[in-house]
Structure formats: C-alpha cells, structure tokens
Protein chains: 2
Amino acid sequence: MELWYTEKQTEDFGITAKISETLYSEQTEFQQLDIIQTNQFGRMLVLDGCVMTTDLDEFVYHEMITHVALNTHPNPKKVLVVGGGDGGAIREIVKHASVEKAVLAEIDGGVIEHSKTYFPQIACELTGNPRVDVQVIDGIKHIHDHKGEYDVIMVDSTDPVGPAVGLFEKGFYQGIYDALKPDGILVAQTESPWFHKELISRVFKDLKSIFPITRLYTVSIPTYPSGLWSFTIASKKHDPLEVDASKIKDLDTKYYSADIHHSVFKLPKFVADLTRE
Amino acid sequence: MELWYTEKQTEDFGITAKISETLYSEQTEFQQLDIIQTNQFGRMLVLDGCVMTTDLDEFVYHEMITHVALNTHPNPKKVLVVGGGDGGAIREIVKHASVEKAVLAEIDGGVIEHSKTYFPQIACELTGNPRVDVQVIDGIKHIHDHKGEYDVIMVDSTDPVGPAVGLFEKGFYQGIYDALKPDGILVAQTESPWFHKELISRVFKDLKSIFPITRLYTVSIPTYPSGLWSFTIASKKHDPLEVDASKIKDLDTKYYSADIHHSVFKLPKFVADLTRE
C-alpha cells in the first residue's frame, strides 16, 4: 500500500508527497496538528492541513524570517517571535550574540511540545537556553502588554485562516509598531506572490501607512504554495537596503548570506508591482 | 466528476492541478504530447508526463532563458534555440532589435504545430516573421553543420530523459562551443537546485572545462519541480555579471529587469555550493 499526503494549496492546485508513516495526530485547542514522515522532505509538520515546516527545507524559512531583520538592526537585544512554535526562528535568533532575550509567544502549546519531540533539530533552543523565554500566549495580547520593549518582532504565523487571521490585520501591525522601540523592526511572513497577490498588496499598503520604511522580499520554499514565498519587513529607522554587506558576519547558514541579504529585495517585475498598487 | 492532473515530479513528490478539459493528446514520433485546460494555470503543455509550459507562468522561463544572455552579448545578431518548439523563447528573442536571424531547431514538429493551435500567444512569432527560421531537425545535427555561426545558443530542452538526454552531455556542449562565434554565449535550462543537485554540479563542471566563463542563475516557476529552476550560462568572452545595468533597455517583460539581470546570480548558499563541487 502506498500512502500519499495530498494538500490542496488552492481550490485548484496542490502538492502530493509519499509518506511512510503518520507519527502523530491531534486536534489541539486551536488547530489540527499532524506530523508525518515523508520520503522526499523527511518529517513534515502539518497544521490544519497545510505544511508548516519540513526537515529538508525548514532552514530557508527560519533563516530568512530572522537574519535579514537582525542584520538590519545595528544592535538587536530583545526579540519577539509571534507564532513560530516549532522553534526554528528562535534557533536562528540566538546565533546573534547581541540578542539578550528571545521571546516566543505561541498560542498553541501543542505545537511547541510536539516540535520538541519530533523536530529536535528545529526546536533545539526551546529548552535550556537562559536567553530564550517560551510563552504559551496569544501574541496579540503579548504585544499589547509590552509597549516600546522590542528591537525586532517577527510574525511567524500560519496562513490567514483559523487562529492566525488576526495576525494579518492592520490593527495588529499598529500594535507591533507600539511594542517596538523607536528604532524597531517588524518582519512578517506574507504568503505567495503567485497565489496571494491581494494579501501581499494589502499588507504592504497597511504597513507602509504605519512605518516609514517598508520592503518586500522573496525566497524559495518547495513545500509552500508555488514554491516562492514572501516576507514583508517594516522598519522605524533602519533600512535593510542600506546595510553594509561587508559587515555581515557569517552565521553558519545554508540560505542566507551577505549577498542574499541584498539580492532578495530585487524582485521580479510582477512581484515588484504588488508593492506599487 | 472532478478531474485532476497529477504529475510525479520525483519518485516521492508531485503536483496536482484541477482540469476542466483535455484539449489534445497524441503520441508523436518522439514523445507523448498532451494539452490540458487547468483552472489554476490556464492551458498546460505536457510532454512525456512533465509540465513544459502553462499560460500563467510561461513568461518566467521564456524571458529568463533569453534576456540574460541577449543582454550580456553586446550585439547578438544570430541566435539559435535548440528545442523550445512552443516558440516562447523565439517570441522573446525577436524583441531584441539587433537580432537578424532567430533559428528554432526543434526535433518534434508536433510540438510546434500544436503550440501554434493551442498556445497562440506563446507561438506567435513562429509564423510570418522573416527574422525567424523554424526548422524541424535534431539540434545536435544542426549545431554540427553550423560551426562558428551563432552569437547566442539557447538549450530549451525537456528533462534529461527521452529525446533530450543528449542535450545534457559534455559532447553536446563542446558542439555548441564550436557552433558559437569567438565571443558567443550558451545558456541552458539545468533543472531544480532542490531535486537535481548532481545534474547541476555535473553540467556546471562540464561547461567550466570548455568555456572561460560559467555562471548559474535561478528563477521561480511554480509548475516546475520545487518551484525553483536553474539556468547555466557559459560564455567565451562576455561576462553576464559585468553588464552595465543602466544600459539594459526595457523590453516589455513581466519577470526580467535590469535589477533581476544581476540579482539572479546571487545564489542561496546551498545553491552556490553546487558550483563549487
């Protein structure tokens, strides 16, 4: 018997991956959580029927949601991840020696717990690191209670359905603005330039109305819809494009580099157009 | 009844797209040719069970196999496309005013014929343009008979199975070297950096042993395996990295731009590594 995990990424398109085993399944308080063993990508974390991360390609998302902003800020000390319960963003953040405190605000404790069990190489910094503060809490509440505290805030959310809907709203971005210090930086995952054009344009416009500097960048993630994924960075003072590439330190990465820091902002024309509408 | 086209892109991974209609199917002399109408991507050309091109994303492949090399060469007059029977590369080539003759050497006349019928916006320059010379011929034979004639040669092949196997061999690249003028440029599609690492490394090494300048670049194509696709450019004299971006003319493109010309060569670390092995 052959088992295949098939995910409808849109109404009309999907991916399918051969699996050897379902390792864990649970309806948590917030979402359906499944962990499967695939041949192509190793273990795969699936939330509400969408691939969140896999052994093979997790490094792209986790390096690229973190290092661009952390190398744009001249001295990031206090960093918040909203969502990101698998711990991959935290693992990358603590590679930066300047960071004194990396806070994880994940609404679903089940994601944290099962990532520790099934993705130990991703969740490795969620236990035993005194610089890491793991909180099972609604990120919206957390930012409301911590005004002016953070140097960098990362929105490492699921797709804008279910528990993450509020994490794509303008009011939430204003709350993040308020939770940042006067030279703070926000970065958020903002879906696929092929399949979610309206969302990208809307989020970009919303952030541009709040922050003085707003930039879109893209990366390759084969298990995400279309394989091309976007992040939006919004900053009160520091511009990612003005970073001196020669000063970016090597961080033991597989995707991010000083070259990549700048080149990811050079968008294909049809993607650049999304920031102009 | 719902019909879905499912393509195993590797042994363990695939894509699936909802279709409304199969428009044409034929076993040609060389390969199985199918044209289907999908909801997500519009019409899709499938050869031997692999997506070749779709209405939605064809512009990426066709702009990016052509404009990088054509803007690297200071005055491309005679250009050859090996394969590429859908005509998309030819459509982009004739946007360059310097080009006096664009030759298509496609082994399978069926691809040309049915592209004209079902993809008129892609095949639009295959009829009636005196600068275009369409030949139904084996590209390997064509380059053997035309030594020292071309400014730019593009290998717009299918995957390295079936009729295209010979188009990934070192002897073929040597043949292209011989068919190029003393400052000629080759560009070839070279598969996915996620799924075909060995092929990319091997082709890069082969080309580097023949040409003084060899470069790898990548683009986003959602219907190709992993969504990330590579091209390898090999040049006798002109370096794509030394092109003055301010001199690149606007060519009515949707992906390529002067910015993109340079940024596509800035590779993620795991991809750059493929050129160093």
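Cβ atoms here come from the backbone N, Cα and C positions, even for glycine.
Feature annotation from TrEMBL assigns domain 'PABS' to A:2-236.
Long-range C-beta contacts of A:Glu106 (S-methyl-5'-thioadenosine binding site), restricted to its own chain and to partners at least six residues apart, with a cutoff below 8 Å, comprise A:Val81, A:Gly83, A:Gly84, A:Gly85, A:Ile112, A:Val134, A:Gln135, A:Val136, A:Ile137, A:Gly139. Positions annotated as S-methyl-5'-thioadenosine binding site by TrEMBL: A:Gln31, A:Glu106, A:Asp138, A:Gly139, A:Pro163.
Sequence annotations record features per position, and here TrEMBL assigns spermidine binding site to A:His62, A:Asp86, A:Asp156, A:Ser157, A:Thr158, A:Asp159. Sequence-distant neighbours of A:His62 (spermidine binding site): residues of the same chain at least 6 apart with a C-beta under 8 Å from its C-beta are A:Thr53, A:Gly88, A:Ala89, A:Arg91, A:Glu92, A:Ile122.
What TrEMBL records for A:Asp156 is active site, proton acceptor. Around A:Asp156 (spermidine binding site), the same-chain residues six or more apart in sequence whose CB sits under 8 Å from its CB are A:Ile65, A:Val81, A:Val82, A:Gly83, A:Gly84, A:Ala89, A:Gln189, listed in sequence order.
The shortest Cα-Cα distance between A:Ser157 (spermidine binding site) and any of the binding-site residues A:Gln31, A:Asp138, A:Pro163 is the one to A:Pro163. Cα separation, A:Asp159 (spermidine binding site) to A:Gln31 (S-methyl-5'-thioadenosine binding site), rounded: 12 Å.
Look at A:Pro163 (S-methyl-5'-thioadenosine binding site): DSSP puts it in a helix.
A gap of 16 Å separates the Cα atoms of A:Asp86 (spermidine binding site) and A:Asp138 (S-methyl-5'-thioadenosine binding site). Among the listed binding-site residues, namely A:Asp86, A:Asp138, A:Asp159, the Cβ with the most fellow Cβ atoms inside 10 Å is that of A:Asp86. Our reading of the S-methyl-5'-thioadenosine binding annotation (A:Gln31, A:Glu106, A:Asp138, A:Gly139, A:Pro163) yields a largest Cα to Cα distance of 16 angstrom. A:Asp138 (S-methyl-5'-thioadenosine binding site) sits 13 Å from A:Thr158 (spermidine binding site), taking the CA atoms of both as reference points. Cα separation, A:Gln31 (S-methyl-5'-thioadenosine binding site) to A:Thr158 (spermidine binding site), rounded: 11 Å.
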